């Protein structure tokens, strides 16, 4: 059974990217693959791109789609083992996961980091309990730790726009007024590890991502130096990881500008705060790939669902 | 025209159960029956199982499904006759029911008991006004007084797991921190009246259900005695009925345990509060039927919809 | 590319009405037209009729439908040019509109007037920015200024119920406890300008609609006089336009009664507050066309979608 919980569930990134590009060229070519199959998309958090693109991808494959805002439409879930449930939670994840699996063949789950409890966030309790108890393929629609559908769309976008054997790709931190999760940055890093590139991460000192994810990636604290001769610049805010979930820096010197970008292509997962994360000039310019990235979310989801559906037939 | 408002809308329970089991064996066998037909599922309250299983059932029959959270997405409804609507309500049920019927062929409605006004709850104003004004089949997705889709799923589950001519079935009250409706218990009782069983209800003194529903069912206030030699134990909390909607008892001695259960099968409609209503040991054990009950919600809804669709062709 | 933002997007009202009536007679006759096409319905406000009828219309044409409550399920949108987005808004309409267009072929949008800022409301920022940036057909599901799907349904209803060459049609203001937008009244006026009728608007002094919309329509402040020999009376509240969004008058003498109505047919877009806007007697009487109007919402949406889909093939 094929899950898609993280980049580690991809056996060959280059092959998945090629297949996704083939799906993009003819999205309905496997319309009968999902016939009679249902996917439940469970949202514990807000969503625009993921909500629409995953529905679209499933419909392109002929699946039935059920969308549910689990937080507001369902019951408050309990995750603890052995809890005496006489407080605010009404249903245990054990039952919820098994029950959902009675009504669908595949389940997609969005459950953001709390950013208040690192240990709990990193345990990925929602996702991992669904994986443990549901008994059906689980797709990560952004979890505490990762956003692998976004990273796969980014890989497709890089592939479509890259002409070099070993492009220089920079992940550049940006300021933001609110505490944001590390999921997108984490998955982008993990994705970059699956391909040949000169990959650099730049951020203010003290804003290091989880070293178990970045591993031996080159970190350059001088943004200008990091951006030199870049081919692609992926800009993203994340809150502090060491002082978990805190906003310790809003330095506007890190905002991406046309001057800093140089000749590189600009990437961002969206939503993006204009003139805080990146200037209007960059977003409205020809080097911006953000809309293409959004478009490729459909084909990232579609190749994942195609692999998942194929695994159900084994 | 076939409605499904209560157990009384079933002409032959044993036959419906058999047909449901046939649908379970081949869920898509009537995929063309609902072609061109639309069902609107209107939720005035939260839902997990009902939301997903009823959608799934309708899709299995080839129907188009529109789901709406009436409370949050629509307008506040007025139920009073002759009301001068210059206060908080924006639309009268008369218009709402007739209007919904312009866009669908069948309507499913979930509208829980208030638990504050017994008379109003028992009048089933939402359900009955839809029945009165919509002019299309109405399906009860849990009302103030009953949850007949759950009871039908329970009947299927009993049938699948019973090997005796006259099994002993016990409905056992359980403690709960919040005030819960009587709907599930009521419909279970009504369903048991439609089959041959040694049926006993056990609950603390003063927690009697509506005697118009329990009729001459055996009531045994001693839980241990009630559970003796039981084949099936259905556990469920309900708030007080006489002192309407109050939580007068949270006695943990009524929590179902493996020891109390003995060799009986355990049933519950879910969601369930672990270690309050029933211990982990029971829920995680092999005698628990709760996930099968949840699965059978699909086929309960599907046989109901099949009957409803057939009635539209008459 | 065919948008449907206002009545001005109709090239021939009488022809569209005739085609809508043909669709009503056989709703599934163009079931294959929308195959492989997706519509996103984005709601920034509550909805019953528009939500259900537009879904139904799209399904009748074989389209895939994705419904999203943008306000609660997505991100807070920014509309300002050049804004430094370090406050409450998370995503700029420029990105949101372009992104949505990656996942669908047509987008429907509901975004009510604020009633606090006339200039901003009349700029129709949500609708116009979607039109400007999305690059796909945009359908107005009620905007600040207009509700052209309602007006088209009203035109169908008038056509079905009119036997005169030049009927007398009266738009009559009614009292209401809350501040309501001008959208429905505006579009009704614009629609009436597209057909041959003796059209009169009646309302208390000081309650004039935008004169750029009413143009040279006859205004009669004496309701009784306006209603004389009327064939159709369309009743609707709107808040003050000059003293923008204020409720300056709740005079119950303007409530529509059976006596005032005389032999005319009664119309209202719904939801309607009984015994405030209009008496029970009128709504429950045979001269009321409100349910037919609601029914025709489906065929109004369907003819619009048919035109839009046809324009995509050009």
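In case you wondered, yes, glycine gets a Cβ from its N, Cα and C as well.
For B:47, B:48, B:49, B:50, B:75, B:110, B:147, B:148, B:149, B:150, B:269, B:270, B:297, the entry in TrEMBL reads carbamoyl phosphate binding site. Residue B:297 (carbamoyl phosphate binding site) falls within a helical segment according to DSSP.
The N(2)-succinyl-L-ornithine binding site annotation in TrEMBL covers B:142, B:176, B:236, B:273. Of all the Cβ atoms in the protein chains shown, 24 others lie within 10 Å of the Cβ of residue B:273 (N(2)-succinyl-L-ornithine binding site).
Residues or ranges marked as domain 'Aspartate/ornithine carbamoyltransferase carbamoyl-P binding' by TrEMBL: B:3-160. When averaged over the domain 'Aspartate/ornithine carbamoyltransferase carbamoyl-P binding' (B:3-160), pLDDT in the model lands at 97.
Marked as domain 'Aspartate/ornithine carbamoyltransferase Asp/Orn-binding' by TrEMBL: B:184-305. According to DSSP, the secondary structure content of the domain 'Aspartate/ornithine carbamoyltransferase Asp/Orn-binding' (B:184-305) in residues is 45 helix, 19 strand, 58 coil.
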*Given the binding-site residues B:142, B:176, B:273, state which is nearest to residue B:47 (carbamoyl phosphate binding site) when distance is taken between Cα atoms.*
B:142
*asked:* If I take the alpha carbons of residue B:142 (N(2)-succinyl-L-ornithine binding site) and residue B:269 (carbamoyl phosphate binding site), what is the distance between them in whole Å?
replied: 12
*Rounded to a whole number, how many Å is the Cα of residue B:273 (N(2)-succinyl-L-ornithine binding site) away from the Cα of residue B:149 (carbamoyl phosphate binding site)?*
21
*What subset of the binding-site residues B:49, B:142, B:147, B:149, B:236, B:273 has a Cβ positioned less than 8 Å from a Cβ of chain A?*
B:49, B:273
*Whole-number Å value for how far residue B:297 (carbamoyl phosphate binding site) lies from residue B:176 (N(2)-succinyl-L-ornithine binding site) (Cα to Cα)*: 24
*Here the binding-site residues are B:49, B:147, B:176, B:297; which one has the lowest number of other Cβ atoms no more than 10 Å from its Cβ?*
B:176
*asked:* Run a quick check on B:47, B:75, B:147, B:297: which of these binding-site residues have any Cβ-Cβ distance to chain C under 8 Å?
replied: B:75
*Would you say which of the binding-site residues B:47, B:149, B:236 has the most Cβ atoms within 10 Å of its own Cβ?*
B:149
*Rounded Cα separation (Å) that holds between residue B:75 (carbamoyl phosphate binding site) and residue B:236 (N(2)-succinyl-L-ornithine binding site)*: 33
*How many Å separate the Cα atoms of residue B:269 (carbamoyl phosphate binding site) and residue B:236 (N(2)-succinyl-L-ornithine binding site)?*
8
